[in-house]
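What Swiss-Prot records for this protein:
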- E181: active site, proton acceptor (ACT_SITE)
- D45, D84, E114: Mg(2+) binding site (BINDING)
- D45, S46, D84, K112: 3-methyl-2-oxobutanoate binding site (BINDING)
Amino acid sequence: MKTTTMSQLRQWKQEKRKFATLTAYDASFAQLFAEQGIQVLLVGDSLGMTLQGFDSTLPVTVADVAYHTRAVRRGAPHCLLLADMPFMSYATPELAFTHAAELMRAGANMVKLEGGSWLCDTIRMLAERAVPVCGHLGLTPQSVNIFGGYKVQGREEVAANQLLQDAIVLEQAGAQLLVLECVPVELAQRVTEELTIPVIGIGAGNVTDGQILVMHDALGITGGHTPKFSKNFLAHSAGDIRAAIKLYIEEVEGGIYPAEEHTFQ
């Protein structure tokens with residue numbers, strides 16, 4: 001099996017070929033996802049909520065993400081593997097480099113940072129030191145206390161224009177990938193068309209280059225409230241996890257998921 005690379009993702013964008021990605025936290029699920037055809041995985045700081053039982057991602061540490069990154073890498077050696085930089089782990093460019101190096105040594109191919117234009121110096125420094133970076137705009141969970149909860153971002157014209165400008169400058173600074181979370185579909189389309197780098201959406205409609213879901217949402221095992229954009233693929237697959245993942249991939253690649261009911265206007 002060939003290893004998935006960023007050049008492939010860029011080619012898929014040019015070919016308008018949509019791709020499906022998932023979070024993963026252990027070797028067993030990583031292997032299962034890869035065997036069904038998932039080629040991009042994220043060790044998300046969402047592990048704080050899905051695995052550790054916290055009500056936000058803020059308590060997650062670099063050591064936590066590194067531990068799970070090592071496990072996922074062993075389970076899916078050929079996937080393009082992203083790892084989240086946790087809250088306050090990239091407060092300065094120097095701190096970001098130290099922690100990014102730890103995650104890269106753990107097996108990540110790329111690190112993901114949440115934030116706008118204020119991150120440009122950090123992204124530039126990492127890119128110059130051979131650390132690939134994925135940006136993250138829209139609803140950035142590490143900023144939940146500023147946002148006042150998990151709310152759709154970019155609905156007002158000023159906020160939408162600022163998000164688009166942030167996306168442009170992050171790409172100019174050296175970001176190779178962008179996650180866009182919980183934004184209106186029209187804004188997601190503007191960002192996806194404006195950037196030359198691939199854009200992965202979550203709660204951003206079916207107009208982005210790729211889609212990502214937290215694995216617990218995709219399999220319907222999230223306790224309590226589930227996001228509007230999530231879909232329980234396991235419930236549509238007679239309880240067969242492998243069939244659920246294949247269905248997820250098929251619906252993303254076919255532009256079926258996310259549907260209008262999963263989309264913010």
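Any Cβ shown, glycine's included, is placed from N, Cα and C.
Spanning the listed 3-methyl-2-oxobutanoate site, residues D45, S46, D84, K112 have a farthest Cα to Cα distance of 13 Å. Checking the recorded positions (D84, E114, E181) against S46 (3-methyl-2-oxobutanoate binding site) with a 10 Å Cα-Cα cut-off leaves D84. Across the structure, E181 (active site, proton acceptor) and E114 (Mg(2+) binding site) are spaced 11 Å apart at their Cα atoms. Take the CB of E114 (Mg(2+) binding site) and look out to 10 A: across all protein chains shown you find 23 other CB atoms. Around the Cβ of D45 (Mg(2+) binding site), the same chain contributes T57, V60, D64, V65, D84, P86, F87, P141, Q142, each under 8 angstroms and 6 or more positions distant in sequence.
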